[in-house]
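Trainee: One structure is given below, represented as structure tokens, and several questions about it will come after.
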């Protein structure tokens, strides 16, 4: 068996981590023969809860899990990392202004970026989940100057999976029969779920999504709104935010980084926009269609962008520019 890899999950006592850790520890993400050392970071008041999570992981008796290190110290958590999944962030509290939320999160991700820079391997792959994920990811990347910007990504795979599933349900096919949906932009309600390049396998033949669904008004209206508002709908129904589906999306995202994307398919993730082929503003973490090989992502080029798509792509970019500029002003403070 290969040497164990060191995988960090932050916010490790929280509900997303609770759904996530078992899948990582049993080999669903990094491979069935890849031993793992799990580093679990949370704030000091959460350490007793984290101890319970550690007990449960131990009680699973998983063959790949070599060691579990629960901690509230960044210098312990970030040491020699191969992968970092940054789930923990400051949640928005009632009455909280967006700029206050950004300010609190800048402090967290500036500190974690600096810890990555100082303690982690330079090859570490960093996935930011904690919201606002795109901007938190950008702050972490800016705070870790010795780690390549392309090693950082943020999670829009949950939105991607939501879009895929909505199309699949509409067409009466399994979600695996739907490929190449795209989430453009921010992991927020301005994101643009795009199915202009999506293919649906209907009875063995691949059809363009618009031909398979046969309802342009739905695809350009209700479908987009459903995906954009899905997180809020889950909170309204469950009184808690998405955890199981978020954990599944994190696993999908990291597994694709580790093992690559299937030939002819692309997935969505928030990546560094500089040098992109779609005219999106530089120096953002923006969700694009990507393909992954040898642990390196590449934005899928050459896709035709119509006026409908361009307007929506620009709207979400504008929100990200505003978020970035606010966050960077706090970074300098």
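Just so you know, glycine gets a Cβ as well, placed from its N, Cα and C.
Annotations per TrEMBL:
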- 187: active site, proton acceptor (ACT_SITE)
- 42, 105, 129, 130, 131: NAD(+) binding site (BINDING)
- 92, 98, 131, 162: substrate binding site (BINDING)
- 6-152: domain 'Lactate/malate dehydrogenase N-terminal' (DOMAIN)
- 156-330: domain 'Lactate/malate dehydrogenase C-terminal' (DOMAIN)
Trainee: On the 0 to 100 pLDDT scale, where does the domain 'Lactate/malate dehydrogenase C-terminal' (156-330) sit on average?
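Mentor: When the pLDDT values over the domain 'Lactate/malate dehydrogenase C-terminal' (156-330) are averaged, the result is 97.
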Trainee: Just give the helix, strand and coil counts over the domain 'Lactate/malate dehydrogenase N-terminal' (6-152), going by DSSP.
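Mentor: Output for the domain 'Lactate/malate dehydrogenase N-terminal' (6-152) reads 66 helix, 27 strand, 54 coil.
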Trainee: For residue 98 (substrate binding site), write down the residues of its own chain that are at least 6 apart in sequence and whose Cβ falls under 8 Å from its Cβ; none is a fine answer.
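Mentor: Correct list: 92.
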Trainee: In whole Å, note down how far the CA of the residue listed as 'active site, proton acceptor' lies from the CA of residue 130 (NAD(+) binding site).
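Mentor: So the alpha carbons of residue 130 (NAD(+) binding site) and the residue listed as 'active site, proton acceptor' sit roughly 10 Å from each other.
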Trainee: Measure from the CA atom of the residue listed as 'active site, proton acceptor' to the CA atom of residue 129 (NAD(+) binding site) and give the result in Å, rounded to a whole number.
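Mentor: The Cα atom of residue 129 (NAD(+) binding site) is 10 Å away from the Cα atom of the residue listed as 'active site, proton acceptor'.
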Trainee: Please list residues from the chain of residue 131 (NAD(+) binding site) whose Cβ is under 8 angstroms from its Cβ, counting only those at least six apart in sequence.
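Mentor: Set apart from residue 131 (NAD(+) binding site) by at least 6 residues yet with Cβ under 8 Å, we have 89, 91, 92, 105, 187.
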Trainee: What is the maximum Cα to Cα distance, in Å and rounded to a whole number, among the residues 92, 98, 131, 162 annotated as binding substrate?
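Mentor: Value for the max Cα separation, rounded to a whole number: 25 Å.
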Trainee: Report the member of 92, 162, 187 (the recorded positions) whose C-beta atom has the most other C-beta atoms within 10 angstroms.
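Mentor: Highest number of other Cβ atoms within 10 Å: 187.
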Trainee: Could you state the whole-number distance in Å separating the C-alpha atoms of residue 42 (NAD(+) binding site) and residue 162 (substrate binding site)?
Mentor: 29
